[in-house]
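Sharing the feature lines straight out of TrEMBL:
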- 6-25: transmembrane segment (TRANSMEM)
- 37-58: transmembrane segment (TRANSMEM)
- 64-83: transmembrane segment (TRANSMEM)
- 95-114: transmembrane segment (TRANSMEM)
- 126-146: transmembrane segment (TRANSMEM)
- 181-199: transmembrane segment (TRANSMEM)
- 219-241: transmembrane segment (TRANSMEM)
Amino acid sequence: MNETMAISIPALLIFSFILVFPVLIFRHLRLRLTRDLLISMARMAVQLALVAVYLEYIFRLDMLLVNVVWVLVMIVVASGSILRQSLLSWRKCLWTILPAHLLTALLILAGFLLVFDFATITSARYLVPLMGMVLGNILRSNVVALDRFFSELRVNVEVHIQYLTLGANGAEAARPFLRNALRAAVGPQIGTVATMGIVSLPGMMTGQILGGSSPAVAIVYQIMIMIAIFTAATVSSFLAVHFAKKAAFDPCGRLNEDIFLKRP
C-alpha cells in the first residue's frame, strides 16, 4: 500500500477555517464559548507539537527505562486530570487513585505480553502509543464513576448511615453506590463496542490504514485495543472508586467533605 500523504502546515491552517461554523453557532446562541474554543485549539496544537518532538526523540532513543518513565508520567497526568474533573482534592486523593491506574496498567501490559514478545511491547513504537490509547480512553469512565459514586453518596448520606446502623460494614454499605457508579461508567463503553465498525470507524484502525497497513491487520489490532480499553476502563473505574472511598470516610463511616473541591 502507498504511504500516508503528508499534510502541509498551510493546508492544515486553511482546513482550520471550518471552525468558523461552530463559532457562528456559539455567537448565534450567545454561548460565550468562542474564546474557550480558540484557546483550547491553540493549546492542543502546541501540546501535540511538543509531544511530537519528544516522541521523535523517544523513538530514536528507544530505551526501556525512558519508555517506562514516559508511561509513568502519562499515568500520573491521567490520575491528576481525573481528580480535577471529578472535583476531588489532589492532595487527599492522588495517593488513593494512583495505585488504581498503576495496577490497571500492569494488568494491560501483562495482557499485551500474551500477544507480543517482551522486546516488542517494551519498545517505544508499541508501548507508548498503545498505553497512550488505553490511558486516554479511561479518563471519561473514571470521571463518571467517581462523580456518580460521590454525588449519590452526598445526596443519600442518610441511606448510607442506615446501612451501617443495620450492621453492614463499610464495603457492604457502599456497594449499592459502587454498583450504580460502575454501571454509569461502563454502560456507554459497551454501546460503543457494539456499534464499532458500523456507526464509526475507530481511530487506531483508521490510522493504520492511512499508514499503509492492510485492513485485515488493522482490524486485528483494533479488536485487541478495544478489548484492552474496555478492560482498563472497567478495572480502573472499580479500583478508583474502591480506593477513593478509603479516603472518603472517617473511622465512624461519615463522609469527609474536605476531599471535595468547590465547584467553580
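Here the Cβ of each residue, glycine as well, is placed from N, Cα and C on the backbone.
Remember, TrEMBL labels are computer predictions, not curated facts.
For the listed features, I'd like the structural context: burial, neighbours, distances.
Away from its own ends, the transmembrane segment (37-58) comes close to residues 16, 19, 22-23, 26, 66-67, 70, 124, 128 of its chain (Cβ-Cβ under 8 Å, at least six residues beyond either end).
Listed by sequence, the residues of this chain that lie at least six past the ends of the transmembrane segment (64-83) yet keep a Cβ under 8 A from its Cβ atoms are 58, 89-90, 93-94, 97-98, 101-102, 105, 122-124, 127-128, 131-132, 135-136, 138-139, 142-143, 146, 240.
Residues 71, 75-76, 78-79, 82-83, 88, 121, 126, 130-131, 134-135, 138, 228, 231-232, 235-236, 239-240, 242-244, 246-247 of the same chain lie 6+ residues outside the transmembrane segment (95-114) yet bring a C-beta within less than 8 angstroms of a C-beta in it.
A Cβ distance under 8 Å defines the sequence-distant neighbours of the transmembrane segment (126-146), meaning residues of its chain 6+ beyond its ends; these are 55, 58-59, 67, 70-71, 74-75, 78, 81-82, 85-86, 88, 101, 104-105, 108-109, 112, 116, 120, 181-182, 184-186, 188-189, 203-204, 225, 228-229, 232-234, 236-238, 240-241, 244.
Within the same chain, residues 141-142, 144-146, 148-149, 152, 222, 226, 229-230, 233-234, 237-238, 241 sit at least 6 positions outside the transmembrane segment (181-199) and bring their C-beta atoms closer than 8 Å to a C-beta of that stretch.
Sequence-distant contacts of the transmembrane segment (219-241) (same chain, six or more residues past either end, CB-CB distance under 8 Å): 82, 97, 99-101, 103-105, 107-108, 111-112, 115, 130, 133-135, 137-138, 141-142, 144-146, 149, 178, 181-182, 185-186, 189-190, 193, 196, 202, 204-205, 208, 213.
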